[in-house]
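Undergrad: Dumping the structure here so I can ask a few things about it.
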């Protein structure tokens, strides 16, 4: 192929040279022919001149007529000679020009030859490159074919994996359905077992009460001499009660002088009396009030629906996010965006400051007291939860590990563990004794609030779902989807009903035994103002209270399902949280501004 290409360009150059020779020769053919004629005439004139010279002696002998004719011929010949000489000169001049043109053309030919040589070298180089590229192209084609085969193999494997995945997904769906069915059956059996245990406990309680009443009746028939030097605590009798009537457990205790007991009643009898009225035995067989029962039993709390603002005050420097009453006391805590938790005490209808808990690096989002009111737990926007002791305001624990702001944190019932929920879509279980995170559960959505029972954690999420977690198994027992993002959760006193608040401006009470919605509360003008708006039950679970974006406090009656009261005069911005005091006498509401309002019916 290379020889064929070389012959082609050579033939092309040869044809171009021939064409140039033909074109340039046509321009000089006439000059060459005239030059040849001039040469012939010059040769003829030279011959005639020699002839005239040789005939000169004889010319003297010619006649006068012949002499005149010769003169004319010589004159003509002179003119022809001059003319021929001029033509010859012109031809020489043209020959010189043509010679110069030939030289120039030769130079151009040499230049062209050199250019041809360079082009031949380039052609050779290009041919080498073409051969190399053709080799590379063959290699790439081979590699492409290998890739196509590998791609086809991967495609076949993907199709097989897709089929396997579909089969596994179907198996997972069936397993999930079976699991849900088993969980439902298990929950139903647990409910039946709980009902059976409750019935047995109730029967046992009635038997003990009947036995105790009989023992009391027998003990009352026997007179007991008393020593005036010994003191026992007895129940103060009401004037309206007869001496034979039993006193109420909520009546106050009075210490009165009594005579020494000559015959000490059995210890079991005194213990039984203490269990009934909430007292325990002291050394010396006297009765005293139990520290755990200084407050009246919850069933005896008289809840009053608030109607009046007793105290309006500036709680924080900026937005107030959380509020919580301490169990069994008039102490309450508020948390705000100023990174502080402030403690207040309700005295004579006013909230008096008791101190501030510091240590957080960002705004407070949630507050919780332990069951004894000795510790306070607060969640914060700085990805951590902190625990303080209430009596000395000291920071005891800082729990870090979340990768997003912590929106809720709660004590478990044993007060040795807490659960925290975060914007990072995880829930963490912490052990306060070892100060480490025991478990981390991925919830799949941002957690806005948490409530806990003995072995179950309920969490409300941004994806509109309430999830029920088994602490021991780290798994979801069940899910309940609402119509809006869940902002708040609260448990009733019996822990059998769950109160939810969501961004669809509805409050719902869910029966945890049947997993159904028992009540739905709404009101004209009520609007949930934020993703962390907190609502709560009253201490007797007969009312629910929530704050609205318009600054109103709404109280609903659980028994009737209707709006009981609207308090709408003292807040100027959306309400973030409300809390009902354990005594049932006060409600405190906090807002996105800096104000807090203490409500009551006093």
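Just so you know, glycine gets a Cβ as well, placed from its N, Cα and C.
Take a look at what TrEMBL says about it:
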DOMAIN    12-198  domain 'Autophagy-related protein 16'
COMPBIAS  194-221  compositional bias 'Basic and acidic residues'
REGION    194-267  region 'Disordered'
COMPBIAS  227-236  compositional bias 'Acidic residues'
COMPBIAS  247-256  compositional bias 'Low complexity'
REPEAT    313-354  repeat 'WD'
REPEAT    357-398  repeat 'WD'
REPEAT    399-440  repeat 'WD'
REPEAT    535-566  repeat 'WD'
REPEAT    568-602  repeat 'WD'
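Map the listed features onto the structure and describe their local environment.
TA: Helix, strand and coil counts under DSSP for the compositional bias 'Basic and acidic residues' (194-221) come to 28 helix, 0 strand, 0 coil.
With DSSP classes pooled into helix, strand and coil, the tally for the repeat 'WD' (313-354) is 0 helix, 26 strand, 16 coil.
Across the repeat 'WD' (357-398), DSSP classifies residues as 0 helix, 23 strand, 19 coil.
Taken residue by residue, the repeat 'WD' (399-440) breaks down under DSSP into 0 helix, 25 strand, 17 coil.
Residues 298-299, 301, 303, 305-307, 488, 490-494, 497, 499, 501, 507, 509, 519-521, 523, 525-529, 572-584, 587, 589, 591, 597, 599 of the same chain lie 6+ residues outside the repeat 'WD' (535-566) yet bring a C-beta within less than 8 angstroms of a C-beta in it.
In the predicted model, residues of the repeat 'WD' (568-602) average a pLDDT of 90.
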Undergrad: At a C-beta cut-off of under 8 Å, are there same-chain residues at least 6 beyond the repeat 'WD' (399-440) that contact it? List them, or none.
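TA: For the repeat 'WD' (399-440), the sequence-distant neighbours (Cβ-Cβ under 8 Å, at least 6 residues beyond its ends) are 362, 365-366, 368-372, 375, 377-387, 446-454, 457, 459, 469, 471, 474, 532.
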Undergrad: Per DSSP, what is the residue tally for the repeat 'WD' (535-566) in helix, strand and coil?
TA: 0 helix, 16 strand, 16 coil
